[in-house]
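**Student:** Attaching a single structure in structure tokens format; questions to follow.
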Amino acid sequence: MNKALFLCLVVLCAAVVFAAEDLQKAKHAPFKRAAPCFCSGKPGRGDLWIFRGTCPGGYGYTSNCYKWPNICCYPH
């Protein structure tokens, strides 16, 4: 029983090490984590960010509208 438990612990530790290694290689997600949204009076489609008070930086957002508790952010 102790050998089986030790083997499971070794396998679990190895899995954690390899998972952490893969996460370090991926510098950032290649896509936005936002859903499409529409605000009245604004043309086009915005990005709906869930449970955020402001639009995140780095995406070029210039305007927004609130859809409580979310925010719809519009680029340019």
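Glycine too: its Cβ is placed from the backbone N, Cα and C atoms.
Bear in mind that the values here come from a model prediction, so they are computed numbers and not experimental data.
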**Student:** Could you tell me which of CYS13, CYS37, CYS73 is bonded to CYS55 by a disulfide, according to Swiss-Prot?
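**Tutor:** Cross-referencing Swiss-Prot, the cysteine bonded to CYS55 turns out to be CYS73.
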**Student:** Taking CYS39 as one end of a disulfide recorded in Swiss-Prot, give the other end from among CYS13, CYS65.
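**Tutor:** According to the record, the bonded cysteine is CYS65.
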**Student:** Pick out which of CYS8, CYS72 Swiss-Prot lists as the disulfide partner of CYS37.
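**Tutor:** According to the record, the bonded cysteine is CYS72.
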**Student:** If you measure CYS65 (disulfide bond) to CYS55 (disulfide bond) at Cα, how many Å is it?
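**Tutor:** Per the Cα atoms, CYS65 (disulfide bond) and CYS55 (disulfide bond) stand 10 Å apart.
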**Student:** Cβ-Cβ under 8 Å from CYS55 (disulfide bond), same chain, 6 or more residues apart: which ones?
**Tutor:** TRP49, TYR61, ASN64, ILE71, CYS73
**Student:** Just to verify a number: CA distance, CYS39 (disulfide bond) to CYS72 (disulfide bond), in angstrom, no decimals.
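**Tutor:** Here the two Cα atoms are 7 Å apart.
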